[in-house]
Every structure is written in structure tokens, then in C-alpha cells.
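Asks: Swiss-Prot feature annotations, pasted as is:
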- His76, Asp113, Glu235: divalent metal cation 1 binding site (BINDING)
- His77, His231, Glu235: divalent metal cation 2 binding site (BINDING)
Amino acid sequence: MTVSPSSQTGRGEIGRDELVRWLGEYLRIGAYPDPSLNGLQIQGTDKIRRIAASVDTSLQTLQAAAESGADLLLVHHGLFWGRPLAITGPHYERVRTAIQADLNLYAAHIPLDAHPEVGNNAMIARALSLTDLQPFGDWQGHKIGVAGTLPRELGLQDFADRIQKLTGEICLVHGGGSPNIHRVGVTSGSGAGAIAEAAAMGLDTLLTGEPEHKYFHDSFEYGVNVIFAGHYETEVFGVRALAARIEDEFGIPWQFLNFPTGL
């Protein structure tokens, strides 16, 4: 694990319920048919003075958040995914750790992929300086990704190298399309299912996270390059940007807890 240095500018405080309301409105939590229980998943202290942010909710992450003195852990992947789950075994240990630390757990899954300002896909598009942005990446009738144009055309390997510099991880490249990259679609995490949509929009390349075997041939048959930059590594952007936005709004310091999975 690596822990980013705590931000030092914020010295604020906000009530838990006020922050939860603000997050719900800012992220449009109720706008998506997402079964993953977006919002406050575990209730803790009623005053928020420090935030930790992380991609996943593992026991290690919860322990690190508690040790950091955080009052709220902000995550992309929470503890609940649309089905009843007994509080036993590892799940019990996670819940117990949060409750014993009086730690709030707030999860934002699809709303944080899709958000136009601090979302994973919006932040990646900004980091790549994409222009002429368009909604992209259909998910149950909602566009949660983004498509855009590079400032200048790049070779496929040059573009993959640029992604590697951005994420710090070696990319897997399926070169099924043009060797020259100009129009790019971005869908973080498990977004390989957008290959056909990318082809229909005239995109030459899809940037996503996690490789899936069933989509290997689609890259070549639809004529679209696919760059897999890692599920984890493509989803660090949103929680960091959201935590920074909270600091800007309320003066609450934060730090990022980095537990990369290599996937």
C-alpha cells in the first residue's frame, strides 16, 4: 500500500448528514439503476473532519482509513452489490472494523464513473486533453463514458505509452483498428463491452480497464483498437477528484489510500 500525503489546506468540519446530502445531489445518486447501494453504507461519527479515499473496500483499506484518523472513507467499490449478504466471515470483519472505528463508509459506483466533472472517465479524458467530447458507453440506457479527439494523431504504441505514463502500469493492447489514433472512447473499469458502440461512432480506439476474453475477437472484427489499462488503475481518478472537490467546497483534508490489485 502507498498512502498519498494528506492535503494540508483544509481545516474544516461538516456534519455527516449534510455531507451525505451534498454528495447525493452532486453525484445524482438516484439517477442510475445501480444495484450497488450508492451512498452511505455504514454510519459512523456525525462530524467529518478528515476523509480517506480509496478504490476498493477491503479490510486493509478500512484498517488504513481508521489508522489515518479519517472520519469517512470514500470509495468506488463498496460492500454491497444488490443481494442480501450475511455479516459473517470477511464481510463481518470489514463491517466490524468500520463500526469500531466510528468510520463512515460512503460508496459511489456508477454515479462516479459517469460524473461529468469528477468522474473516472471525465478525469481520464481531461488527462489525455481530449476535445470535442461526446457521451459514450451505454449502461442500462445511460451514457457513463466519454468519447473525444486527441489534440494530435498518435501511433498506437505511442498512445499506449502515454496511457502507461498516466497510470503507471503496462497496458495490454489489442490492435484491431487503425495504427493511427485520433478518436478515443473511454470507459473505466469493465468497459470492453463498448467495442461495438465505439465502432458505430467511428472511434478508432477504446480505452478501458479490465481485459475480458469474450471481447478479444470483437476488437479485430469491429476494427477497433482496445487498450486495457487495468480496472483498478482506471478507477483511481474519480475518488481522488471527488475528495479534492469536497476539500474545495468544505475545507476537509483528505488522503488517498492506494491498494493496487494489478488487475
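Heads up, the Cβ atoms here are built off N, Cα and C, so glycines get one too.
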Asks: Could you tell me the C-alpha distance between His77 (divalent metal cation 2 binding site) and Glu235 (divalent metal cation 1 binding site) in angstrom, no decimals?
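Replies: Pair distance, Cα basis, whole Å: 10 Å.
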Asks: At a 10 Å cut-off from the C-beta of His231 (divalent metal cation 2 binding site), count the other C-beta atoms across all protein chains.
Replies: 21
Asks: Which of the three DSSP states, helix, strand or coil, fits Asp113 (divalent metal cation 1 binding site)?
Replies: helix
Asks: Could you tell me which of these binding-site residues, His76, His77, has the greatest number of Cβ atoms within 10 Å of its own Cβ?
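Replies: For the binding-site residues His76, His77, the Cβ with the most other Cβ atoms within 10 Å is His76.
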Asks: Applying the rule Cβ within 8 Å of the centroid of the Cβ atoms of His77, His231, Glu235, what extra residues of the same chain belong around the divalent metal cation 2 site?
Replies: Val55, Asp56, His76, Ser188, Gly189, Gly209, Tyr232, Thr234
Asks: With an 8 Å cut-off on Cβ distance to the His76, Asp113, Glu235 Cβ center, who else from the chain surrounds the divalent metal cation 1 site?
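Replies: Neighbours within 8 Å of the Cβ centroid, excluding His76, Asp113, Glu235: Val55, His77, Ala108, His109, Leu112, Gly119, Asn120, Ser188, Gly189, Thr234, Phe237, Gly238, Val239.
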Asks: According to DSSP, which kind of secondary structure is His77 (divalent metal cation 2 binding site) found in, if we only use helix, strand and coil?
Replies: strand
